Amino acid sequence: MASDDKSSLKHPHRSKRRFFQTKTFRLISMLVLTFSYFVVELVVGYITNSVALVADSFHMLSDVISLLIAIVAVRIARRSSLKNTYGWVRAEVVGANINTVFLLALCLTIIFDAIKRFVQPERIEKVNLLLIVGSIGLGVNIIGLFLFQGFHGHSHGGSSHGHSHGGGSHGHSDKKSSHGHSHKKNSHGHSHENNSHEHSHENNSHGHSHENNSHGHSHENNSHEHSHENNSHGHSHENNSHEHSHENNSHGHSHESNSHGHSHENNSHGHSHENNSHNQTDRSSEESVEINNFPELDGLSNRFDRHSTRAFQEAFAECVQQTDEQSDTVTEMEEGNNNDRNAAKPKKKASMNMHGVFLHVLADALGSVVVIISALIIKFVPNPSDNPKHWTIYVDPTLSVIIVIIITTSAIRLFKDTSYILLQVMPKHLEVNTLKRQLLDNVPEVHSVHELHIWRLTDDKVIASAHLNRKNLSNYMHVADKVKKFFHSIGIHSITIQFEHDKTIGTDNQSTTALIDPNNPERVPGDCLLRCNPDECEPQTCCTVKSERANTLSNDNAMEIYSITEPNNYEKSVQTQTSVAPSIQDERL
Amino acid sequence: MAHHKHSHQEGKSFLHASKTCRLGTVLVLTIGFFFVELICGYIVHSVAIFADAIHMLSDSGALIIAMVSVRISKRKSAKNTFGWVRAQELGAMVNCILLMSLCFTILVQAVKRLISIEPVERDKLTLYIVVGIIGLAINLMALIILRGDMAHGHSHGSNKNKSKDKHDNKKDEDSVEIGEGEHLCDDEPADTVVNHGHSHDSKPSTLDNGKTKNVDKKSEKKKRKGLDGGQMNIRGAFLHVLNDALGSVIVVLAGLAIRQWPDKAWINYIDPIASLLMLSMIVVFTIPLLREAALVLLQTAPMHIEVADLQKRLVEQVPGVLAVHEFHVWQLSGSKIIASAHIRCHNLSEYMAVAEQVKDFFHKEGIHSTTIQPEFIDQEIISGTVDDKECILECLKDCSMNTCCGQPSSYVKQRTPHLGARSNTDTDNTAQRSQTDTVIPTIEIISPTRSNTYIE
């Protein structure tokens with residue numbers, strides 16, 4: 001792993017001389033390769049009148065198409081536009097989605113083909129020609145794999161690498177206690193994971209969360225207690241997160257806004273990293289500290305597991321990588337449920353678009369391997385009786401089906417990821433009700449939250465919008481800043497918050513009947529103050545009044561806020577109770 | 001269009017059943033035929049019939065995708081703060097791509113057959129023709145059922161031949177653009193639902209277009225905004241079935257031709273060449289739908305909204321708004337348009353009034369889900385620390401990679417640097433325009449003045 005090479009890729013398209021390392025360059029060079037091979041195959045196939053060659057050439061053409069889609073997506077994503085207020089950054093996600101669907105469709109046709117050949121086996125002739133074509137195809141595709149490996153393969157390798165680095169840098173940054181340095185270190189450590197520059201920042205924040213976590217842990221001697229908790233109950237992360245966020249809050253307030261933001265970072269990614277960063281500190285300090293044995297052992301064995309599997313993976317053309325990664329996470333699950341998120345996260349850092357292309361090329365390479373294997377078998381296994389239904393005939397379709405299954409599993413995962421983004425699903429690590437609760441707790445000036453929408457523009461750009469009700473708008477900029485910081489702390493950096501000043505709230509908190517607005521009896525406290533007339537525009541709003549009411553969360557009782565702020569108390573029942581309250585009133589009216 | 005009315009009344013009870021019901025019927029038809037073909041193929045050992053059966057299976061796959069996305073779009077979820085309304089757009093896109101890749105494989109087959117001719121076996125000719133005719137019948141039925149959703153202003157010809165099909169489909173595309181809101185099966189109220197948003201529009205040209213049937217390219221474009229996700233979804237399935245029907249037509253034609261002129265050499269080229277023609281046609285039909293669905297998924301502003309213009313007008317028409325930045329308009333699904341903006345106001349006291357007006361402004365533009373973040377600048381203006389284009393509430397700089405826009409586009413009312421330059425007419429204007437305001441802010445001397453020039 002040429003780490004210096006890769007780290008320089010962080011800003012690929014900014015410097016022209018780095019062009020040969022950009023996505024576009026890789027895509028274009030692969031495109032030229034495949035396209036020329038396509039033309040050669042087509043011409044040769046036409047001259048020799050070989051249908052197999054022509055068919056294979058069209059397979060190459062499908063590769064060319066998927067590469068074209070990826071290139072177009074990359075190009076479009078860079079464009080700015082008047083038509084699209086977000087720019088076209090999503091093009092890469094859509095491109096990846098299209099590529100996966102295309103790949104799945106091709107897999108489907110391969111399966112149909114295989115079934116057809118099971119039913120009516122075709123004799124394979126010109127075995128030598130097949131061998132030659134197969135090996136050249138394999139060569140081309142292996143070059144392709146190497147080209148795209150940087151965008152995809154390293155993300156896996158990096159996950160362990162980066163973490164151990166992070167552990168190391170933790171010590172340094174600890175001593176220096178300068179955030180700038182830790183930034184650099186961490187981004188170095190993680191630069192293996194992704195070479196596309198968009199993602200490098202996400203990594204930074206990762207680094208911080210790690211750092212901060214281990215920071216807190218190692219300084220306070222509670223750390224081992226925490227680790228025990230984590231090891232025993234995987235699901236206790238909410239509670240943990242809570243404690244941490246509180247700790248960090250106090251930290252943050254004493255520090256500058258900079259450290260404040262970062263310590264908050266713990267909240268978001270923290271839960272998932274909690275275990276891992278803990279293990280890191282254990283791992284990195286295992287020789288020196290040696291106090292607490294069993295989590296270390298856990299961590300160690302786990303690490304060996306990971307390494308052995310990784311060696312296997314790299315040998316195995318990275319195809320089973322994802323499934324392995326999953327099995328990795330499964331082993332880690334015993335240690336703590338949260339880790340699987342952690343393992344999944346760095347993987348997603350790789351550009352989805354490139355991942356899609358990678359899968360295509362991988363499918364092709366495996367296809368070539370199948371062709372070679374079946375040709376070899378047919379060539380060298382004697383078929384004395386010249387039986388047209390000899391078993392060697394069935395090698396090719398069987399292997400094809402197996403490969404299709406392998407490819408399909410990873411393609412479906414990518415399809416799911418991209419579709420979730422396109423369907424405006426929230427990021428996985430956020431939970432909407434918890435988030436509302438946390439917001440209300442962290443910013444007590446806010447009375448209620450409604451129309452909270454969180455979605456991802458691309459994999460790492462999270463966008464939120466919310467309407468907040470306040471009793472009065474005093475101290476506006478201060479509160480707005482607090483809300484902004486809250487969202488910043490959970491990794492959402494593009495937000496639009498609409499503050500509403502509800503005069504009816506302030507008058508009487510306790511009696512619910514007094515909350516009815518005399519001007520508009522239909523209105524329920526907590527409703528949006530700036531809403532169209534519900535009858536007219538209902539079908540054109542994103543949420544109906546009813547669903548909006550059900551999703552409103554408010555602090556009706558000032559005392560309640562503080563009672564709930566007690567750590568480890570984020571029970572679902574509390575949330576639902578408070579959130580349901582307005583709709584009950586609604587029915588009563 | 002008497003034809004159309006007629007057939008509507010005829011099939012009202014059935015054709016206007018729910019979307020899922022219709023898709024289900026078609027699905028049952030295709031799957032049934034798939035099994036019939038499979039069994040037939042097994043009995044007579046014909047690979048061609050197997051291939052056709054598999055084709056049918058891909059058809060039912062497309063129908064299943066359409067159905068599933070209809071189902072999903074109705075679900076609620078805690079994971080998705082918008083619900084799953086977009087599932088239909090995604091379903092449409094997936095179906096389009098599936099169809100295109102199917103076309104690709106057909107292309108490969110056709111080219112292969114052009115290079116090395118596979119003569120059709122004469123003895124199975126009748127079988128081909130029979131299977132083709134049955135398939136054609138089934139697909140025609142499916143087309144008619146699916147068409148019920150989209151049939152809204154065009155004749156229901158029987159798609160007996162290709163050219164007619166093409167004709168019909170063109171019309172489909174036109175008529176489909178008349179959005180039908182959520183009530184896909186209702187006729188009359190549908191138009192009003194969609195056009196409602198526009199009835200307040202400052203451009204009267206878009207009014208009532210939904211009912212005019214003349215093909216005016218420009219107004220067609222305007223109507224495009226009404227294309228619902230549900231319709232896209234159904235259209236994706238429709239295209240699949242259409243592809244199949246055309247395939248059957250080609251099989252029948254090729255079979256008949258071979259039977260008619262069994263000895264001619266060119267006869268073997270009919271099938272691949274006709275397939276190629278069909279492919280190009282299907283691709284031509286599919287691309288607009290794909291484009292439409294992709295545009296929605298890419299968060300573009302709907303066709304009829306000029307973002308820059310809207311932003312400009314927001315600043316111009318709503319008094320009290322000094323600048324707009326982070327202005328985003330996008331289409332969630334169909335006619336659900338969502339906007340968010342950061343606006344800059346003078347001070348807190350006028351905020352709720354301004355917010356009301358901004359809300360009203362968006363409402364008139366047909367955007368009903370808005371989030372407006374106010375920012376107050378009085379203090380910053382005095383100290384002169386904040387640029388017009390900058391958001392006051394910004395993250396630290398190192399988050400710029402994860403914000404949606406690296407460079408927020410903003411639209412700012414230019415401020416004249418001199419404090420006394422505020423003209424009286426302007427303030428009068430403000431007072432006039434904000435008559436309804438309960439709170440008219442006392443304009444401080446320092447507050448920036450409004451003029452009619454703008455910088456971008």
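Backbone N, Cα and C atoms are what each Cβ position is placed from, and that goes for glycine too.
The compositional bias 'Basic residues' annotation in TrEMBL covers B:153-164.
Marked as compositional bias 'Basic and acidic residues' by TrEMBL: B:210-219.
Positions annotated as compositional bias 'Polar residues' by TrEMBL: B:422-438.
The domain 'Cation efflux protein transmembrane' annotation in TrEMBL covers B:27-298.
The domain 'Cation efflux protein cytoplasmic' feature in TrEMBL is assigned to B:312-375. The domain 'Cation efflux protein cytoplasmic' (B:312-375) scores a mean pLDDT of 83 in the predicted structure.
Annotated region 'Disordered' per TrEMBL: B:153-228 (among others), in sequence order.
Marked as region 'Disordered' by TrEMBL: B:413-438 (among others).
If one looks beyond the transmembrane segment (B:21-44) by at least 6 residues along the same chain, the residues whose Cβ comes under 8 Å of a Cβ in the stretch are 15, 50, 52-53, 56-57, 59-60, 63-64, 66-67, 70, 124, 127, 131, 134-135, 138, 141-142, 145-146, 148-149, 234, 237, 241. The annotation transmembrane segment is assigned in TrEMBL to B:21-44 (among others).
The transmembrane segment annotation in TrEMBL covers B:50-70 (among others). Packing against the transmembrane segment (B:50-70) from elsewhere in the chain are residues 19-20, 23-24, 26-27, 30-31, 33-34, 37-38, 41, 87-88, 90-92, 94-95, 98-99, 102, 131, 135, 230, 233-234, 236-237, 240-241, 244, 247, 251: each is 6 or more residues past its ends and has a CB under 8 Å from a CB in it.
Same-chain neighbours of the transmembrane segment (B:90-110): 58, 61-62, 65-66, 68-70, 229, 232-233, 235-237, 239-240, 243, 271-273, 275-276, 279, 282-283, 286, 289-290, 292-294, 297, counting only residues six or more beyond its ends whose CB sits under 8 Å from a CB of the stretch. The transmembrane segment annotation in TrEMBL covers B:90-110 (among others).
Residues annotated as transmembrane segment in TrEMBL: B:125-146 (among others).
The transmembrane segment annotation in TrEMBL covers B:241-261 (among others). For the transmembrane segment (B:241-261), same-chain residues at least 6 beyond its ends with a Cβ under 8 Å from one of its own Cβ atoms are 26, 30, 52, 55-56, 59, 63, 99, 102-103, 120, 122, 125, 128-129, 131-133, 135-136, 139-140, 142-143, 146, 159, 161-162, 165, 169, 267, 270-271, 274-275, 278, 281-282, 285.
Within the chain carrying the transmembrane segment (B:273-290), a Cβ under 8 angstroms from the stretch's Cβ atoms is held by residues 92-93, 96-97, 99-100, 103, 106-107, 109-110, 114, 162, 166, 169, 173, 232, 235-236, 239, 242-243, 246-247, 250, 253-254, all 6 or more beyond its ends. Among the features that TrEMBL reports, transmembrane segment is placed at B:273-290 (among others).
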The domain 'Cation efflux protein cytoplasmic' (B:312-375): DSSP-derived helix, strand, coil residue counts: 23 helix, 28 strand, 13 coil
